[in-house]
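Trainee: Pasting a structure below so you can have a look.
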């Protein structure tokens, strides 16, 4: 036997396998652990049925789509946001298209910045359903403005809403979960809680704070293995988050979503979220390329990440100033459609 030829064949096979995996990664829309769970892990249809799930920010975007997909799993839903009429609209659609009855859905108006109301809201949920199995911290707001054009009040608002409001509600729900020694705290963070980009630095700061808080909380709860703390970090997703983003003042929003076709569909993002929840994953990254690649670089090769982020950041500012979506030009090479 020609051992040298065999060795070369093995090397060639290894290189081909590496190439195949690289091509698969370039078309991936989630981190490798999450995609493995999607392929081989537990199904949301098996794990989440009959649970009581409280979703904040449920009136639009990811929270709205999450309500629709959860309603098909037979959970009991608590829908919270500030706009009651929008919550009622979401509830009606859940009843029309899901597997729930009127008694299975509670519309509970909630302002995350009104931290004094969170204890009463928690008691209302417990009175209605007797328990809270999953708290999904999804409420929040983004920002689109350069630092020198932004009032300090904008940064204060983002911290109060995205960070302190979420922490406050979690602290109200947590004693109940500790008493039962089980529950899931799922926080919709962002890949901007891992990386940082121009135009959204106040938003980045609030999301970095959330990630630090919940990573630390997970360690504090190590003696309660039945309580799962999960960070969900989506990239650009089709929603109205840009339209509602704060501009340079707290009284001004962007007011225009622009073209959203280059972003991940909300339904795909939420499906991957449910897979993460079913498999008790501690942190997941849900994003198409190139943001997924950049997130990996920030985690494992930060020097390279700085170089790429500077290049992408300049283009992001150019896009914003020209009136198009700040992230619109990054997806042309990598864009993949997922049903």
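Glycine too: its Cβ is placed from the backbone N, Cα and C atoms.
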Trainee: Out of 76, 80, 230, 239, which does Swiss-Prot tie to the same NAD(+) site as 60, 62, 203, 207?
Mentor: 239
Trainee: Using the residues the record lists for NAD(+) (60, 62, 203, 207, 239), what whole-number Å value is the largest Cα to Cα distance?
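Mentor: Maximum Cα-Cα distance: 19 Å.
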Trainee: Which residues of the same chain, at least 6 positions away in sequence, have a Cβ lying under 8 Å from the Cβ of residue 62 (NAD(+) binding site)?
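Mentor: Non-local contacts for residue 62 (NAD(+) binding site): 138, 188, 234, 237, 239, 266, 269, 270, 273.
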Trainee: Comparing the binding-site residues 60, 190, 239, which residue's C-beta has the most other C-beta atoms within 10 angstroms in this structure?
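Mentor: That would be 190, with the highest Cβ count within 10 Å.
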Trainee: Sort the binding-site residues 60, 203, 207 by C-alpha distance from residue 190 (substrate binding site) and give me just the closest.
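Mentor: That would be 207, the closest of 60, 203, 207 to residue 190 (substrate binding site).
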Trainee: To see if you understand the setup: which same-chain residues, six or more apart in sequence, place their Cβ under 8 Å from that of residue 203 (NAD(+) binding site)?
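Mentor: The answer is 141, 142, 143, 158, 162, 190, 192, 245.
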